[in-house]
Amino acid sequence: MSQDFMDPELFADFIVEAREHLETIEPNLLELERNPGNLSLLNDIFRPMHSLKGASGFLGLNAINLLAHKAENILDELRKGNIAVSAEIMDVILAATDLLRMMIENLEQTGAEGDVDTSAVIARIAAQLGGAPAPAPQAPAMAGAGDFPAEDVPPPAEAAPPAAAPDPTPAAGPEAAPDPAPEAARAAAAKIARLLEELPPFVPDTYPLTSIGEGHMADFLEEAREIIERLNAALLELESAGDGRTESINDIFRYFHNLKGNSGIIGHKELNGLTHEAETLLNRVRKGEIRTSPAMVDLLLAVVDQVEALVSQIEPATSLAAPLDIRPLVARLKQATEDGEVAEPMAEPRAGDEPQPEPEPEPASAPDPQPEPEPEPAPGPAAGKAPPKAAASGYDPEDVAVFESTIAQQITYMTQALAGLVENAESKDMVDGLFRALVTIQNSSGYMGLADLKTQAERTAGLVDQARKSGMSFEPFLDILRQECSILGDMIAAALDKLRAGQEAPAAAPAASLPPAATPTPPAPEPAPVPEPEAAPPAQPEPKPAAQAKPEAKPAPKPEPRAEARPAPKAAPAPAPAVQNNDAAGKPKVSATIRVDHEKLDHLMNLIGELLINRNRFAMLARSLEEGKNEVGYIAQQLTETTYAMARISDDLQDTIMKVRMVPVSTVFSRFPRLVRDLSRKSGKEVNLITDGEETELDKSVVEVIGDPLVHLIRNSVDHGIETEAERVAVGKPPVGRVWLRAYHRGNSVAIEIEDDGKGIDPAKMREVAVKKNLMTPEEAKSLDDRDAIDIIFMPGFSSAEKITDISGRGVGMDVVRTNIKNLKGTVSVNSEVGKGTKFILALPLTLAIIDALMVVVAGQTYALPLDSVSETTKIEVRRMTEINRRKAVTLRGEVLGIVELAEVLDLPSTKGDEEIVPIVILQDNERRLGLIVDRLLERQEIVIKPLGAYLSEFDMRGISGATIMGDGSVVLILDPHEIYMMSTPGGRSKA
């Protein structure tokens with residue numbers, strides 16, 4: 001296939017990846033020749049060859065794919081010990097790598113593999129394999145093989161020695177002692193055990209995913225996490241609503257369908273296999289063949305958990321997947337799909353009942369982490385496999401809708417291209433567009449099993465390709481092309497009628513010629529939630545025979561829609577092009593993406609336009625000054641006006657960019673209904689979570705970090721705060737506990753509250769536990785007021801739990817919460833009333849980049865105080881100050897306010913003389929206030945926060961959170977209000 005018809009990013013990535021694979025293979029081959037017994041070297045050679053085969057097949061590079069496949073076969077025989085390492089075998093594999101390198105170079109230089117003769121090397125490989133036993137067909141040998149991506153089915157169970165074969169009789173068989181569980185549950189358990197045995201063994205080694213580029217991998221991960229959140233929410237809604245919610249079931253089905261397609265694109269075997277089984281079960285539910293139940297929701301939630309774990313194991317920088325054992329869940333899903341009823345968790349086989357291939361078999365037959373090579377394909381675009389849908393008695397409505405939409409789009413492109421060629425028969429763009437449309441129709445038809453339609457599209461595409469490559473004018477071919485495309489249109493219409501009826505599409509007889517514009521293929525309505533990965537058919541015309549065993553199990557790496565058929569690329573995630581060209585020698589940097597509303601970007605562009613206008617205006621004024629055409633006063637006035645305009649635009653630009661970075665807190669709130677549900681089950685309490693303000697927006701970098709602190713706080717609320725049902729009823733509370741999660745704007749910050757109606761925090765108990773754990777002396781504990789006593793929960797190692805559970809109570813978490821929030825330049829406070837409940841309040845800045853600050857002068861130095869922490873400023877007569885417990889205080893509007901000199905807190909020399917009136921900044925630390933005496937109050941100013949350098953860590957930087965650069969270039973330190981407050985308390989400077 002030519003580069004012209006590949007995604008340019010994928011093409012470039014493939015070139016780089018292929019070179020890396022070959023650079024890995026060659027030195028390992030030479031080392032293997034010197035050390036033939038090193039099995040790990042064989043694996044290190046097999047993996048990159050397998051990846052090269054998969055990636056080339058993905059892009060339709062048939063010559064590279066065929067040669068890599070042949071080389072993979074001989075490497076697999078070496079791994080199995082069926083043939084021995086020899087100089088002849090090393091020579092032939094090295095010759096194959098030389099040819100592969102040559103074709104890769106041709107690809108880079110010309111965009112095509114070139115006419116490289118591989119037949120001699122392929123014949124030599126066949127000769128070396130002549131005496132080796134032919135590989136046993138995989139799919140028929142294992143019932144579970146079709147459940148994984150067809151190309152990457154793990155090694156069959158027969159590869160293990162006979163001793164490793166599990167006893168087919170389940171532990172809970174009919175002959176066992178009488179079981180109190182019903183017979184149906186025992187039968188289900190036995191079936192799950194049998195299904196588990198039939199699945200391929202679990203191989204824990206990491207493996208490379210299909211190279212789709214770092215930006216696309218980041219998009220995949222972001223979309224996967226969004227789907228996981230939606231799945232959790234939809235499953236909880238289904239559970240609360242009960243059976244019969246068709247809309248919810250369809251949503252859940254589509255989410256799994258999406259995940260399955262996306263994971264197939266990147267070649268993630270476990271994700272694809274697991275989501276395929278979930279989708280199969282849900283398809284029966286959608287059709288009304290199976291009713292939903294709490295057990296089914298539990299099973300699907302367990303699947304979502306496993307999916308989330310698998311996604312979290314993906315390393316986007318290296319495109320490596322770390323597999324997890326999905327077999328128990330796959331077996332349970334299969335049992336539920338086949339029996340129409342989900343077995344209760346008790347029926348799940350124990351670890352000891354599962355087949356264990358772990359007893360180390362002999363190296364020759366040990367299951368390898370990499371998939372077995374599939375049967376050899378024929379070296380052409382129609383390699384002769386039964387299409388995935390060919391054996392099906394009907395068609396999935398989702399697939400039909402996707403096919404219909406894709407074909408309608410390609411018919412439009414084809415019609416436009418033909419019309420363009422009538423006007424200009426030499427137009428390369430029109431020729432290429434026509435060829436792309438025909439290839440897409442060919443591949444779509446092949447995927448749906450429409451053999452005659454595929455053949456017609458392939459024949460027409462071949463005609464276009466021949467004329468295209470020969471450089472001839474298309475004018476003589478136009479009549480033939482119109483006729484062929486008209487026949488194609490009639491065949492498409494007939495096939496669509498059959499697909500819509502859910503029947504197997506027969507061979508459609510060529511109809512009379514019609515103009516292409518009259519093609520009777522109405523565009524299908526766009527199916528809103530149709531998954532992108534299956535939104536177009538495979539672009540690789542070469543089929544994979546491994547799919548024959550189980551046609552309904554779609555091959556996982558169905559990534560071709562992104563490779564070729566891309567008339568309407570997905571625009572949702574913001575791309576990260578800056579990281580696509582990372583230096584291969586450097587460590588790849590993973591980019592983060594933010595989805596941005598078009599209106600915000602449009603506004604940003606308008607502002608940039610205004611900025612350019614003002615820049616030109618400045619240039620004009622500068623010329624006027626040089627030429628002396630205008631009065632200086634007039635120019636000064638114009639400069640002032642332009643400066644004001646620039647200030648307005650820069651403010652608006654700043655606000656817009658901040659809004660671009662903003663995301664709603666719902667992205668993190670959405671995970672907590674599931675968390676509370678699970679915690680409530682574990683703790684045996686019934687708890688409702690009530691959320692409010694999910695639309696409140698925060699900087700994305702803040703939202704990404706607050707998840708863990710919120711998890712800690714909600715866990716504590718459910719585990720420690722909410723009482724048991726009996727305890728609640730005894731004190732007159734409703735039996736169901738409540739936890740509130742709220743977000744709202746408060747000034748220039750956002751507040752997030754976690755409140756429960758539980759038993760509250762007892763200050764006396766806090767003091768007692770702190771003394772018992774030697775966190776403070778009895779005297780120190782006694783001197784604390786109730787608010788400070790409650791704050792003890794934030795001390796490292798403090799826990800008032802009487803017993804440790806798997807939810808909380810280990811004395812870690814609350815201090816981490818405060819540290820994490822502090823790192824975000826925020827604060828956390830707690831209010832509690834014994835018997836009524838507890839409320840944690842997180843105050844977070846809207847953004848971590850720019851803040852409003854009050855500039856003050858202390859000991860001749862300028863400092864910035866975040867304005868959010870400043871309650872007010874005032875001036876106080878010194879004579880009004882009194883001393884209480886050796887601390888200054890003043891009565892301000894009926895409230896006693898503690899006073900400290902900021903210079904003293906910061907260990908700076910005091911410059912106070914005999915002033916009668918001093919300026920005071922009243923600091924607000926949550927609900928506590930403190931007056932700071934400063935030398936001078938300057939002004940309110942917006943400042944850009946810059947972190948302190950790591951080299952400053954050896955100095956005493958207590959009370960300092962960062963720095964900023966002023967307009968004159970001077971550096972000003974930013975004070976940390978919470979630390980300043982803590983340092984002002986007795987002994988605070990020594991403890992800070």
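Placement of Cβ uses the backbone N, Cα and C atoms for every residue, glycine included.
As recorded in TrEMBL:
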DOMAIN    3-107  domain 'HPt'
MOD_RES   HIS50  phosphohistidine
REGION    133-184  region 'Disordered'
COMPBIAS  152-181  compositional bias 'Pro residues'
DOMAIN    209-314  domain 'HPt'
MOD_RES   HIS257  phosphohistidine
REGION    338-395  region 'Disordered'
COMPBIAS  362-380  compositional bias 'Pro residues'
REGION    507-588  region 'Disordered'
COMPBIAS  517-544  compositional bias 'Pro residues'
COMPBIAS  551-567  compositional bias 'Basic and acidic residues'
DOMAIN    595-848  domain 'Histidine kinase'
DOMAIN    850-986  domain 'CheW-like'
Other CB atoms, at most 10 A from the CB of HIS257 (phosphohistidine): 26
Cβ neighbour count within 10 Å of HIS50 (phosphohistidine): 25
Helix, strand and coil residues within the domain 'HPt' (3-107) as assigned by DSSP: 90 helix, 0 strand, 15 coil
HIS257 (phosphohistidine) versus HIS50 (phosphohistidine) - Cα distance in angstrom: 27
The domain 'CheW-like' (850-986) [mean pLDDT, rounded to integer]: 85
Secondary structure content, the domain 'HPt' (209-314) (per DSSP, counts of residues): 86 helix, 0 strand, 20 coil
